[in-house]
């Protein structure tokens with residue numbers, strides 16, 4: 001029988017048959033997945049039941065608990081690095097703290113003031129986060145634009161002006177007219193004194209490549225030496241942290257400073273990356289730092305994650321100028337726990353961040369966004385099919401990009417090339433700069449190029465894409481009844497755009513995941529901007545109502561980004577706010593939903609979930625369905641050749657035995673049972689709490705020795721006078737750990753872990769301990785069921 005073979009060695013396995021064969025309630029507890037309240041005399045003697053809250057024993061126990069857990073011990077914190085928080089415990093701690101404050105607020109004016117400060121601390125911390133996020137985003141935008149233009153020349157009248165600001169007076173700000181601005185000097189003009197000719201071209205080429213490599217080298221060096229966590233997008237790690245994972249230093253002050261500096265350098269180097277994802281990381285760093293100013297958040301990991309959710313919304317708000325989209329992004333994409341109060345504070349943080357960014361006005365257009373569209377041509381019903389087709393292409397592109405990028409990142413991890421991040425970044429930057437310079441559409445700043453592709457052709461547009469012969473009259477763009485014949489410049493521009501499309505696709509695959517800050521939003525959108533602009537440019541019939549090529553570029557870009565990230569609602573709102581195209585909500589919705597459906601046909605993971613799995617983070621995705629029919633006993637440990645489960649007995653251990661178990665194991669906590677013979681579950685003690693209790697007892701109590709008895713009971717028995725002082729640990733014992741029976745379907749267990757944020761769950765049979773299921777066990781089981789490598793899950 002299956003039950004007879006469940007355990008074959010060690011504690012739990014040898015006793016499985018004896019447990020499951022019991023036939024009377026007098027022998028076993030009827031513990032169908034819960035810890036029962038015992039009332040018999042025998043059980044009271046075994047468990048030494050709780051003293052009533054009003055007794056002195058209960059009061060001293062509570063005081064002892066606060067002494068043990070609240071007084072800091074050097075080198076010992078609440079959670080270890082790369083461990084998962086206990087959501088239930090953190091919420092209970094917050095409720096207890098809240099009750100304590102409310103009970104004292106009527107005692108004095110000072111206590112009332114403290115209660116007000118506690119109530120408003122949430123709004124204060126998100127306000128500070130919004131202010132800092134908006135200010136840093138404005139600085140990053142301004143400095144990145146200046147450094148990007150520095151690759152081509154300088155402004156003699158004011159060195160701190162970028163090209164557009166330098167040429168405001170001359171009114172020549174388009175990319176094609178850059179050489180006509182008298183205040184702006186290229187490097188060839190400054191060094192050689194000539195603006196044209198082969199020598200001038202080579203000098204500009206050399207300086208462009210030199211500055212690109214310098215910026216890239218400086219960025220990767222700063223990341224490698226000072227803050228390794230400052231690399232990448234940050235969104236996969238933010239998702240993991242918001243799910244309850246601890247990554248010490250990832251949201252620290254040093255990471256914030258290096259990420260801000262290197263993000264500017266990475267964008268200015270011309271690498272095929274964006275600053276949108278890293279801005280979410282920057283905003284979360286601000287939220288984490290400010291949360292330490294308020295004990296309500298600094299001492300509670302669950303409450304701190306509410307601040308980080310609001311910070312994520314502020315990050316997207318300043319990245320795209322889309323405050324509503326930022327709130328939806330936090331809700332849909334990154335947040336694991338998102339109560340209504342967090343929704344309000346996320347909205348407020350996004351509002352404050354957007355207001356600060358608008359006040360700085362980094363784009364110089366008095367708008368929050370850079371890509372605001374000026375056309376409002378209505379779309380027609382027959383265009384719905386092309387929009388859906390764009391969604392299909394976007395889903396296919398997204399599936400291809402995810403597989404290609406993950407394959408390259410996995411190869412980077414498993415080969416020697418990944419051990420030399422500086423060399424890899426310099427190589428990619430060199431290839432990017434050398435290939436990009438000859439083509440004006442790859443040499444151009446990514447944001448400027450998207451802005452140009454968004455712009456509809458008019459009589460005053462001087463872009464090569466708008467060079468039609470019918471514009472020669474200057475007063476009428478497209479005279480009725482005449483053909484707008486394209487000049488050779490238009491066909492040349494389309495070929496250049498085609499080459500730029502292929503180049504951006506290839507380089508984005510190799511760039512995302514480098515050891516520099518790298519976002520994915522703008523490069524993904526740009527790929528389809530190229531494609532759709534020249535694909536639909538010739539669809540216009542002159543003299544009649546015309547389709548808008550920029551609209552197809554916008555819809556295609558959203559579809560492409562949806563295929564890569566698998567975002568839906570938040571993406572549509574972000575693109576709408578990014579462009580101001582309210583009339584085009586329905587086309588955007590159709591394309592984005594189609595791209596998600598097509599992408600999901602090749603795998604439900606978006607790029608961020610794929611990188612989470614690649615890094616082995618313990619992220620239990622709420623969007624992932626578990627439909628297998630396995631049971632808890634098939635997943636729990638110990639199993640097979642696993643070592644026996646480490647357990648503690650409630651009154652049958654010495655301090656030396658307890659320390660020996662702690663030193664020889666690495667598990668997060670230990671089940672406490674009545675005895676090895678009984679195997680009846682009493683509770684669960686966390687490893688961290690036991691360590692804190694022992695350290696505090698040795699420091700504060702005399703007579704604690706290695707042969708001191710350890711009791712997890714309320715009252716210790718009377719000991720001989722010459723016996724060492726006992727160590728009572730009942731106050732740190734969780735008397736109601738989450739348990740399931742061995743026949744509980746794993747579908748229910750997975751759902752419990754998702755909704756309650758559990759770290760572990762004990763498995764019992766009729767109230768007696770059989771094993772344990774951790775979050776890591778569940779993730780490995782799900783990977784195994786999906787024919788993936790279960791060993792890729794490295795953390796718990």
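Note that Cβ sites are derived from N, Cα and C of the backbone, with glycine treated the same way.
Per TrEMBL, the listed range annotated as transmembrane segment is 307-331 (candidates: 307-331, 332-356, 407-431).
In TrEMBL, the transmembrane segment annotation falls on 278-295 of the listed ranges 152-169, 170-187, 188-205, 278-295. Among the residue ranges 96-117, 118-139, 250-271, 448-469, the one that TrEMBL annotates as transmembrane segment is 250-271.
Among the residue ranges 493-514, 515-536, 537-558, the one that TrEMBL annotates as transmembrane segment is 493-514. Taking every recorded stretch in 250-271, 380-402, 493-514 and counting its Cβ pairs under 8 Å to the transmembrane segment (278-295), the highest total belongs to 250-271. Sequence-distant neighbours of the transmembrane segment (250-271) (same chain, 6+ residues past either end, Cβ-Cβ under 8 Å): 136, 139-140, 143-144, 147-148, 150-151, 211-213, 215-216, 218-220, 222-223, 226-227, 229-230, 234, 237, 241, 278-279, 281-282, 284-289, 308, 428-429, 432-433, 436, 443, 507, 511, 514, 516-518. Below 8 angstroms of C-beta separation, residues 505, 508-509, 524, 527-528, 531-532, 536, 547, 552, 555-556, 558-566, 587, 590-603, 605-607, 610 of the same chain, each at least six residues beyond the ends of the transmembrane segment (380-402), sit close to that stretch. For the transmembrane segment (307-331), same-chain residues at least 6 beyond its ends with a Cβ under 8 Å from one of its own Cβ atoms are 122, 125-126, 129-130, 133-134, 137-138, 238, 241-242, 251, 275-277, 279-284, 286-288, 290-291, 297, 337-338, 342-343, 345-354, 356-358, 367-370, 519, 521, 567, 569-571, 573-574, 576-578. Per DSSP, the domain 'CBS' (636-702) is made up of 24 helix, 17 strand, 26 coil.
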